[in-house]
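Working notes, beginning with the structure itself.
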């Protein structure tokens, strides 16, 4: 005969935590009677064991018999919010041993009820866990175990599950809800330990001749284990302890399977196996001992994400007697992040144990600590080999940017190394990913100083672009550029990373006093490459050469003897210059303004004034046109 114990069976984390909490409280108060509000867990043997320690279960109806200062422990299944308020009013010493998974469901029910959602609980309406959850949404929840039990559904609904419910029930109910409701928020709150235990029992029950399910007859999860096993193995029995084992089993069956509910302690399982095998120890007991792994600080472990209880924490099944907790701070250094952005339920992760578990708290696992050493090695290699790395900016500080590498290692970027030019507001980089070079890696006794530069990479990129641009530029071609800088003598125009000078005299055929009168920084303009010296990296540009020289054929356009209309644009001591068209000015000599004596030009004319004048001279080669106002007046 062989006895096979299911790989996952017996106490779950929440149950063990509740029992351990009771025993620890008793150690702290050895002379006091301790009370639990209802049976601490669904296991009569454990409840009887607690009685021997002066830890007694009382019903809700007996709360009024308690006195101020009495110790009352909330059962692992949780209680209603109203019950907690009543206990507080009596000024009792309340110890909360509610399973963390159940507490999570209670908080969700309360939150979404306050936001206007109807709450639907997939589970047994008479189970204390479900009764407790319902109490966190004003006892208004819709409670069912199967889809066919639901009739009229509200349009806005939040769905949760009893932690020990069958997955098939959850799926059937959720399918109906999704099809009939307009707005659905659903949380699969079936405890992973329950699901794993059920799968393990199902697999084992298909392989054996006889199946034994150990646990309280009042335990919901144990009853479900029995139903699952019975479906696969007709020779399945449900017992509470070894005393209920039939005598014929050992002689009649050669392959016996054993599983146990979440409220069944190891000693009850061992007692049952011992009775069947008639040995002090056998392979299955050894398996139980070996399966109860030991952990130590710094130990590398691998596990599965079994639940994400908030934006800051998740639980990981590492094969230990309780799940480990993974905090956001142990995944990333960015406190503004959400742990859901890094892990999902079902993910397999690796980490290091950084805190051992206690009676009331699970062990803590860190992804950061496992990856930190590798991250430092990578950054050191990047520094030595001058390789690029990508960092994410966390915040701007006086003097630069604080960034993180792989959500673990702090890297500082000085303000002068962020861009090629000075940046006034560094806050615009918060949350951005930047590619940088490590320019300083200094290992100290207590920390490592790491400094990076983005400017150096930008310089390299700029140099590459400049070289490509210089290779492509040719004299007497037209390019598009951007005005980057203005001076009194011209404008600097950038063409694909190369700056060229647009002299003030090349902006227009007309007279330009200041470049800023015609252009502004940021303007996109077309320019003519007037001259280029690739060796000296000099580029002369022109806008006016994009248009025809207005002095060409000027004798034809402005024949001598004709009257022309122009605009006075500037004065000289010897006369006034009149613009005939952009780039073509004529001179009215002071002697040609009037028949009377003119001492000052500005006494007779004003800037911007339009005047008629006779063309008296045209010299295209010397770019001169002589005009006369007084000869117009003679006509």
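Quick reminder: no glycine exception, Cβ is built from N, Cα and C everywhere.
Fair warning: this is a prediction, and the values are worked out from it, not measured in the lab.
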Site co-member for dimethylallyl diphosphate according to Swiss-Prot, given 42, 77, 219, 220, 221, 263, out of 127, 169, 238: 127
Residues 42, 77, 127, 219, 220, 221, 263 binding dimethylallyl diphosphate per the record - widest CA separation, whole Å: 15
By Cα-Cα distance, the member of recorded positions 99, 129, 191 nearest residue 42 (dimethylallyl diphosphate binding site): 129
Binding-site residues near residue 129 (active site, proton donor) (Cα-Cα within 10 Å), from 191, 219, 221, 263: none
Of 221, 263 (the binding-site residues), the residue whose Cβ has the fewest other Cβ atoms within 10 Å: 221
Under 8 Å by Cβ from residue 127 (dimethylallyl diphosphate binding site), counting only residues of that chain that are 6 or more apart: 77, 162, 220
Inter-residue C-alpha distance, residue 221 (dimethylallyl diphosphate binding site) and residue 99 ([4Fe-4S] cluster binding site) (nearest angstrom): 14
DSSP-derived class (H/G/I helix, E/B strand, else coil) of residue 42 (dimethylallyl diphosphate binding site): coil
Residue 191 ([4Fe-4S] cluster binding site) and residue 263 (dimethylallyl diphosphate binding site), Cα-Cα, nearest whole angstrom: 14
Rounded inter-Cα distance in Å - residue 191 ([4Fe-4S] cluster binding site), residue 219 (dimethylallyl diphosphate binding site): 15
